[in-house]
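Written out below as structure tokens is the structure these notes cover.
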Amino acid sequence: MTEKSLTDVDPQIAALIRAEERRQADTVKLIASENYVSRAVLEATGTVLTNKYSEGYPGKRYYEGQQVIDQIETLAIERAKSVFGVGHANVQPYSGSPANLAVYLAFLSPGDTVLGMGLPFGGHLTHGWSVSATGKWFNAVRYGVRKDTGRIDMDEVRSLALEHRPKLIFCGGTAIPRTIDFPAFAEIAREVGAVLAADIAHIAGLVAGGAHPSPVGHADVISTTTHKTLRGPRGAMLMATSDEHATALNKAVFPGLQGGPHNHTTAAIAVALHEAAQPEFREYAAQIVKNARALAEELLARGFDLVSGGTDNHLILMDLTSKGVGGKPAAQALDRAGLETNYNAVPFDPRKPFDPSGIRIGTPSVTSRGMGEAEMRQIGAWIDEVVTAVAKGDAEDVIGRVHQEVTELTGKFPAPGLS
Ligand SMILES: *Cc1c(COP(=O)(O)O)cnc(C)c1O
């Protein structure tokens, strides 16, 4: 039993994994938070490191047998410090949400005030949204974007901070198409004595590759997932400059919130960071942004409304109101045409969160496949064709034709890690 292959032991799951592999290979993935990891990252993830318990930190463990694991985690930490230029890194958080929860545990008590971006404006659940534990257990105050510009309203951030005196301020989010002004957030945090946490989950790869300004030197704490633009395994990291903040974060992650770290993930994070330190990764990060810009230009030329009028980074938030289509039916039709997106609320959305007005698209995955600006213009044209057909209520033929063309394109741009 224990020496048999997956296909022999569990043909059902093996077949489903192969089906998902094929689906990923044949789809133009425009989900802004996803990517294709390299074969090397994939390999590290599926290793015997999953067998080992390592509660604690390198050199201070609660289990024996850490001769190898300590070296792996130390490498991951050192690479994180070097790639992001920080003094301290913790690579153990299981994912982005637990990493953010550790930030609360490190600096707040239940009932304390946190200032974060509201979910409907592009913030993350864990920045104090009402349905999240962070919104239930803490006094969450939320900022948004300006109605006229679609950009973060720094005047509102400052006046809310002065009024509510938060202990913690989060900047960063999940649907922000524009550059985050870390120095401006830092000035407000300093003014009210708050800890500033920069959540760079979405843009970590852009920061690592020099395609988005770094929060280092501005934020007290940096939280990030490792599986979005950074192109590593599903996981997260917390980084800090000061010893004091780093100590508080380490204690919060373990023993505050978690038990044993996922060592196979730690190894894969180390591999991803090694890849992110190569010159090619800078080109990758720059190309993500160029591609997003090209796609945005194509969509604007075709009469689409984009929140904030465009993009500075890897993502585009489309408001479909003027096209007379909801985000959900549009995303479903696009998916059937082989274009994978997600429906998304837009700022001041009059529709419900489960049936909002927009879709969110991003270029990290298509860029990983080696696609460039020409392919982005083609993708923009397909999006237009499908959405226009959905609005007319007669999309079947268009979906079928676009799907065929999509498959031709994906055949020419093999995805990393997929055979
Ligand atoms: C994705 C994301 C997270 C959460 O990451 P999970 O790994 O899904 O828990 C947190 N913050 C931001 C800004 C994100 O985009």
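Glycine too: its Cβ is placed from the backbone N, Cα and C atoms.
Remember, predicted model here, so these are calculated numbers, not experimental data.
Feature annotations, courtesy of TrEMBL:
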- 6-383: domain 'Serine hydroxymethyltransferase-like' (DOMAIN)
- Leu119, Gly123, His124, Leu125, Glu244: (6S)-5,6,7,8-tetrahydrofolate binding site (BINDING)
- His227: site 'Plays an important role in substrate specificity' (SITE)
- Lys228: N6-(pyridoxal phosphate)lysine (MOD_RES)
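On the structure: features taken from TrEMBL.
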| residue | record | CB count, 10 Å |
| --- | --- | --- |
| Leu119 | (6S)-5,6,7,8-tetrahydrofolate binding site | 23 |
| Gly123 | (6S)-5,6,7,8-tetrahydrofolate binding site | 25 |
| His124 | (6S)-5,6,7,8-tetrahydrofolate binding site | 24 |
| Leu125 | (6S)-5,6,7,8-tetrahydrofolate binding site | 18 |
| His227 | site 'Plays an important role in substrate specificity' | 25 |
| Lys228 | N6-(pyridoxal phosphate)lysine | 27 |
| Glu244 | (6S)-5,6,7,8-tetrahydrofolate binding site | 10 |
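Proximity to ligand 1 (Cβ under 6 Å from any of its atoms) holds for these binding-site residues out of Gly123, His124, Leu125: His124. Per-residue pLDDT, averaged across the domain 'Serine hydroxymethyltransferase-like' (6-383), gives 97. Among the residues Leu119, Gly123, His124, Leu125, Glu244 said to bind (6S)-5,6,7,8-tetrahydrofolate, no two Cα atoms are farther apart than 30 Å.
A coil conformation is recorded for His124 ((6S)-5,6,7,8-tetrahydrofolate binding site) in the three-state DSSP classification, outside any helix or strand.
When the alpha carbons of Lys228 (N6-(pyridoxal phosphate)lysine) and His124 ((6S)-5,6,7,8-tetrahydrofolate binding site) are compared, the span between them is 14 angstrom. For the pair Leu119 ((6S)-5,6,7,8-tetrahydrofolate binding site) and His227 (site 'Plays an important role in substrate specificity'), the C-alpha distance works out to 21 angstrom. On a Cα basis, His124 ((6S)-5,6,7,8-tetrahydrofolate binding site) lies 16 Å away from His227 (site 'Plays an important role in substrate specificity').
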